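Quick look at what TrEMBL lists:
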DOMAIN    9-394  domain 'Catalase core'
ACT_SITE  HIS56  active site
ACT_SITE  ASN129  active site
BINDING   TYR339  heme binding site
Amino acid sequence: MTQEKNKLTTAFGIPVSNDQNSLTAGRRGPVLLQDVHLLEKLMHFDRERIPERVVHAKGAGAHGYFEVTADVTKYTKAKFLNQVGKRTEVFVRFSTVGGERGSADAARDPRGFAVKFYTEEGNYDLAGNNTPVFFIRDPLKFPDFIHTQKRHPATNLPDADMFWDFLSLTPESVHQVTILFSDRGTPATYRHMNGYSSHTYKWYNAKGEHFWVQYHFKTDHGIKNLTLAESIRLSGEDPNHATRDLYSAIARGDYPSWTLEMQILTPEQANDFKWDIFDLTKVWPHAEAPPIRIGRLVLNRNPVNYFAEVEQAAFSPANLVPGIGASPDKMLQARLLSYHDTHIHRLGPNYHLIPVNAPKNAPERSYQRDGFMRVDDNGGGGPNYWPNSFGGPAPDPATEEPPFEVGGLAGRYPYRFPNDDFVQAGNLYRKVMTDTDRDHLVGNIVAHLGNAQKRIQYRQAAIFFKANPDYGRRVAEGLKLDVSELERLAGMTQEDRAKATDQGTYS
Ligand code: NDP
Ligand code: HEM
């Protein structure tokens, strides 16, 4: 290094003589094309924005560690989990889902809870949400669902009709809708909420035995939520309140932490289980699969540069390490493709070289080469094909996932296994919520659903009625609907209810 540290240069290290006055022809003349510093600066600026995430665009992140607190080696051979007390570096990003990159942190929306573990066997990503379930369970519905959460194609406004039209025609959403419209739909901060895998994943041990698991990161700071009035106020007063809270807490040494609890089922228990464990709209009741504590997640370091570390962070459910596998959950299966695909679009084919995404504790040794922005040594002069006899990296059969059974006739099957879509939403309303929770839930729904067409209000209220008659009735009363219609509509098949509410009778 011959140059002094604090001297300004171009991107190519050439000294810059003046960064305040453009080079002009004479004192009042036009700018010269020869001002290459100005040109370089503007052209880089013109390209500063990358595509925002198609979902989860607004977020905040931080670094930290995960520590194992219980022996789980009988369930998984994942090395980062193989010893009590073992710590693994992590990067975590929290987000809202539907809003754009500048949208308010206080919006009613699920919150993303994405964890990247930099393990010694490569990066393991767990991209979950703050809700244990989701709106849909078939990936064919995902793009449509997301469209309804975004802006209307003509008005470019959020639209209550499209929001509730889709949900009321997709009754399996009622469980997640009930959580979303409770005050848990507006968490007070990212520190005061839980994170769930939502999906079932597979763990397998060194003997090749497998287990079905669900992850629950429980906040150590207690659940705190915003009321509707508070969320509206904060959206205006401080649209970045949760981003600010996370950064400030870490900056003052008040490190956010979560306890990881696992629900674990043997294949035999899963076979006899009351609920379809691959249906993302269902939880595993705690009484039937008691959660066990296995670890602790702590965030203790803020990013130094938001764009480098948070905006460029890329999580993928396909990044699974030996000992952890996918389940046949159809949503998860689709996510195995979608994230890597969108990262290649958003960040380019070599996004795994960006430091926040690089597998820092298990360097990449592959035969993938070239592509835009290949910024490492690109494999140097080593072999770029396999098999080779020049000492290139070789696959390790010991890391293979044990074979698993598949079978049956290929087809497009709906979920049919004892699969009542209304029971768990009803239990949540009846058994878990307090009177205040229920009052807020109904009020939050009425305030939002009230903006949709009447016929859609009827269809959705009938779905709440199916979950719990009191729930549906109170929503209907709040919306000033004819309550006597609810039972009739709720008793219909989904198809008949859709037809009945399409006919204008309820407009
Ligand atoms: P439990 O009584 O054992 O569990 C209820 C759980 O609900 C609590 O442990 C808490 O989970 C969560 N909870 C509490 N208040 C609310 C709220 N206002 N909104 C959303 N969730 C809340 O009963 P079950 O396990 O039989 O579950 C009953 C219902 O609870 C389910 O149908 C589901 O809607 C909901 N639930 C269940 C979870 C599970 O994994 N079993 C997880 C979350 C919700 P936590 O401590 O994780 O916050
Ligand atoms: C982000 C697709 C379901 C959690 C994303 C992104 C896409 C996507 C394309 C943007 C990624 C990026 O640009 O970096 C899908 C598809 C789904 C699905 C196709 C279903 C078929 C889910 C579910 C969860 C979830 C069920 C939670 C359990 C997340 C999180 C992020 C995200 C947390 C943000 C990650 C980050 O912070 O960068 N999803 N998603 N998604 N998704 Fe999904």
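Each residue, glycine too, has its Cβ placed from N, Cα and C.
Sequence features annotated in TrEMBL and their locations in the structure.
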{"residue": "HIS56", "record": "active site", "Cβ within 10 Å": "22"}
{"residue": "ASN129", "record": "active site", "Cβ within 10 Å": "24"}
{"residue": "TYR339", "record": "heme binding site", "Cβ within 10 Å": "19"}
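A Cα-Cα distance of 11 Å separates HIS56 (active site) from ASN129 (active site). Averaged across the domain 'Catalase core' (9-394), the predicted model reaches a pLDDT of 98. DSSP assigns HIS56 (active site) to coil in the three-state reduction, outside any helix or strand.
Each residue contributes its Cα atom, and for TYR339 (heme binding site) and ASN129 (active site) these two points are 15 Å apart.
When secondary structure is read from DSSP and collapsed to three states, ASN129 (active site) falls in the strand class.
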